[in-house]
Amino acid sequence: MRIIFMGTPGFAVPTLEALVAAGHDVVAAYSQPPRPGGRRGRELVPSPVQQRAEVLGIAVRTPVSLKGAEEQAAFAALEADVAVVAAYGLILPRAVLDAPRHGCLNVHGSLLPRWRGAAPVQRAILAGDAETGVGIMQMEAGLDTGPVRLEGRTAVDGKTAGALTDELATMGAALMVRVLADLDGHPPVPQPTDGVTYAAKIDKAEARIDFAQDATAVERLIRAMNPAPGAWFEVAGERVKVLAAEVIASDRRPSEGWGLDAEVTAGATGNSGLHQAFAHTPGHPRGGEDPDAWEPSASLETSENMDPRLRGDDKAGLVLDDRLTIACLNGALRPTLVQRAGRGVASAEELLRGFPIPAGTRL
């Protein structure tokens, strides 16, 4: 098929590559314009899609908008059979949607109609969804309202947003190739009218950790914000990002204390979670090591080792011991991978050796 590809971030790259590998004629790749980046933001950095398209020898177009008549005419002049869209980031006017012979097909990272919008992966993790997926949607004028031709599913488990995004990108690329190979065999099916939710764009302010929540909710926030923008707390006037953490005794309030029998609920910091965190933290010195060699402890220190002042129902946000265990509204959380501003990723133990955060500190 003669295809126009439209995408911007890394999520879209596997689909572009799959189209080329399947033998389709990708006549142009549309992407958002280069943005300031590099050292001190002084360079204009092309998007991941633009970079890959140029390597593949595909003509790249980077308009700031598709609303103008001139851009729409140029798009129509390509005489595409279909446009394939994956996280492009610009609104497609009706003239663009209708120009290709088979319209525009979108790779969307959720099980529609749940999580229509800009941040479906992060919102699925934040909500505690057990399952998510990716769909090939026939685009129409509404926000992710079009009928779905094919979808795939996967368990969320303890995956970070980065790991889950990569998985859905690969899955979506394969599904798109299947749909294009047999459009008639994958007819568009209207979305259900119930179960509609919207995935608002992530605001950086959401990344600040509020320990006055259940420990499980805080752990989900940490995974949803990994790799970007990164969940964080502030101590001694400095931000510390938390890339992974384990939940301790999630059904206990701070006033009840935690003993040696406290159960650990494996979250993003089980062994697979450590692999995920390293995979999305380029350059981490331990990125190639076996996380089994330094698996987090499965229990808290005995309650006798805790400062007796740390009892009570108003202790959410207090550091409970010398291992950076932090009280939440219900349960407690122990960060396992952290990052200080301007520094590399480190284990909590490494952080505390050079940046002590004593028991009794309020975060």
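Cβ from N, Cα, C; glycine included.
Positions annotated as (6S)-5,6,7,8-tetrahydrofolate binding site by TrEMBL: SER110, LEU111, LEU112, PRO113. Sequence annotations record features per position, and here TrEMBL assigns domain 'Formyl transferase N-terminal' to 1-180. Per TrEMBL, domain 'Formyl transferase C-terminal' is recorded for 201-253. Look at TrEMBL and you will find 277-311 tagged as region 'Disordered'.
For the binding-site residues LEU111, LEU112, the largest tally of other C-beta atoms within 10 A is found at LEU112. On its own chain, SER110 ((6S)-5,6,7,8-tetrahydrofolate binding site) has ARG116, PRO120, VAL121, ALA124, THR132, GLY133, VAL134, GLY135, ALA199 as residues at least 6 apart in sequence with a Cβ closer than 8 Å to its own Cβ. Using a 10 Å radius centred on the Cβ of PRO113 ((6S)-5,6,7,8-tetrahydrofolate binding site) and all shown protein chains, the other Cβ atoms total 19. Highlighted in sequence order, HIS108, ARG114, TRP115, ARG116, PRO120, GLY133, GLY135, ASP144, VAL148, GLU151, GLN191, GLY195 have their Cβ within 8 Å of the centre of the Cβ atoms of SER110, LEU111, LEU112, PRO113, the residues recorded for (6S)-5,6,7,8-tetrahydrofolate, and are not part of that set.
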